[in-house]
Amino acid sequence: MRPAAATAPKWLLLALSALLPLWPTAKSWELTIMHTNDVHSRLEQTSDDSTKCLNASLCVGGVARLFTKVQQIRKEEPNVLLLDAGDQYQGTIWFTVYKGLEVAHFMNLLGYDAMALGNHEFDNGVEGLIDPLLRNVKFPILSANIKARGPLAPQISGLYLPYKVLSVGGEVVGIVGYTSKETPFLSNPGTNLVFEDEVTALQPEVDKLKTLNVNKIIALGHSGFEMDKLIAQKVRGVDVVVGGHTNTFLYTGNPPSKEVPAGKYPFIVTSDDGRKVPVVQAYAFGKYLGYLKVEFDDKGNVVTSYGNPILLNSTIREDAAIKADINQWRIKLDNYSTQELGRTIVYLNGSAQECRFRECNMGNLICDAMINNNLRHPDEMFWNHVSMCIVNGGGIRSPIDERNNGTITWENLAAVLPFGGTFDLVQLKGSTLKKAFEHSVHRYGQSTGEFLQVGGIHVVYDISRKPWDRVVQLKVLCTKCRVPIYEPLEMDKVYKVVLPSYLVNGGDGFQMIKDELLKHDSGDQDISVVSEYISKMKVIYPAVEGRIKFSAASHYQGSFPLIILSFWAVILVLYQ
């Protein structure tokens, strides 16, 4: 007779079965993705609003602090990537002087694994991208939807790639890049680069990676949060999307600073084929380091993803060697930071959160300077030959803090107006101006750069109406008058307007200005116009004056349920 087989107690079997889901599988693999986007030349630490650092204990970001955190994570975790989603170029005196050499130098020191091209990488033309950056970096720069043609094709061949396969901890990870197809309207890429639709261009490159047996694929790019989500939904085979361009702040839990989250981090998109795809951005200006943990199964499917942007505040020390290197590069910039142009006794709000959504006093200052620069007194019938100014909110890049004794330097202005354009004089019909103001708000709320700041103009919008029918009132300051007053815009009348050369060329989608302008005279450099005005005024205090207004319907539409609730509350009170 055979002995009975030994059986485990039922309680032990139950306990083991409960632990099985927690037991690590040999096939799963975890990747840490550190990421930045829209740094915009913030190599030094800045104040909390990304202006010049005034109190070191309250300052954030900078490459020396970023280096410390990146090195710490690399030492603590086995499988790590450091990625950048574009727009390292443009934003402070650093780029004005060094023109991209500083970007290549410090990104190499940080050891980036890959970067996507942003629209601002083309601000100095293709040559301003090739020589300072593409030929000097030690990591791949990516974009799958930019195609070179003509004489540029052989010149730029191999300097940027559609994708790159990286080896990380014994696994292979594919990184595929993309860039906003609107770049020709936003920057200066020239005519020999074609910017294709992102989704259409990405799919065949992802398919190529799949044929190479790469089953973990990150889309890294610079087209904005809406496009990031669309790529996650539509491009088969993309596992993670790391984006930029819209300075989107995502966070799970209580945010550590003043940025308001646009959603949880990571933001999960369900793809058309049923996968859960994490999408991330890390705000802008080097204030945060994006930190995403992704677990893949043996087939390359995302099992879990979690993390949060890390606020790079003063609790993280600045690396001494990188800081010393920054100080050496800084010497060449000192002349720009010591010359005082004038003083402000109010905060000059040039933030994207303000100037791309409503009237901002920095926009008012710039427009007032532009009109002042064009003061001419042709005869006794006219107090001036031009009274109107428009400036795209996306061209205003930084605030100026009045708490540094109110001092305004050339360096401060270079952060506000970093593009080096001119303020030009044009003649336009009233009908063209009406089209321009409809364009200003046709996609209002997306933090896009076409929202217009004004001078000599009063405009009222109703955002509850459909796009291209949102301007409900448009008045302009008369010029042929002894006492200037605001008069309704006349569609067939020809008006003079001062505006950035960028808009003259159709930038930010203002094609109607380029196509319909009747006369154009080039003006003075933008930063010179504003600096001379500040020097003349000595002390400035621009206000928000009601130049741009939104009708009551715009506000009521979003609050309709609250209005109904309030109505019934009043009825109940009356009849109690």
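Here the Cβ of each residue, glycine as well, is placed from N, Cα and C on the backbone.
Cross-referencing His105, His222 with the Zn(2+) 2 binding residues that Swiss-Prot gives (Asp38, Asp87, Asn119, His245) picks out His222. Binding of AMP is attributed by Swiss-Prot to Asn392, Arg397, Phe419, Tyr502, Asp508, and within the candidate set Arg343, Arg356, Arg465, Arg547 the record adds Arg356 to that site. Matching Swiss-Prot disulfide entries to the candidates Cys360, Cys367 identifies the partner of Cys389 as Cys367. Bond annotation: of Cys53, Cys355, only Cys53 is listed by Swiss-Prot as forming a disulfide with Cys59. The Cβ of Cys59 (disulfide bond) has 20 other Cβ atoms within 10 Å, all protein chains considered. Listed binding-site residues: Asp38, Asp87, Asp508. The one with the lowest count of other Cβ atoms within 10 Å of its Cβ is Asp508.
DSSP assigns Cys53 (disulfide bond) to coil in the three-state reduction, placing it in neither a helix nor a strand. Asp87 (Zn(2+) 1 binding site) and Phe419 (AMP binding site) are 13 Å apart (CA-CA, integer value). In this structure, the C-alpha atom of His40 (Zn(2+) 1 binding site) lies 17 angstrom from that of Arg356 (AMP binding site). Following the DSSP three-state reduction, the secondary structure of Asn405 (N-linked glycosylation site) is coil.
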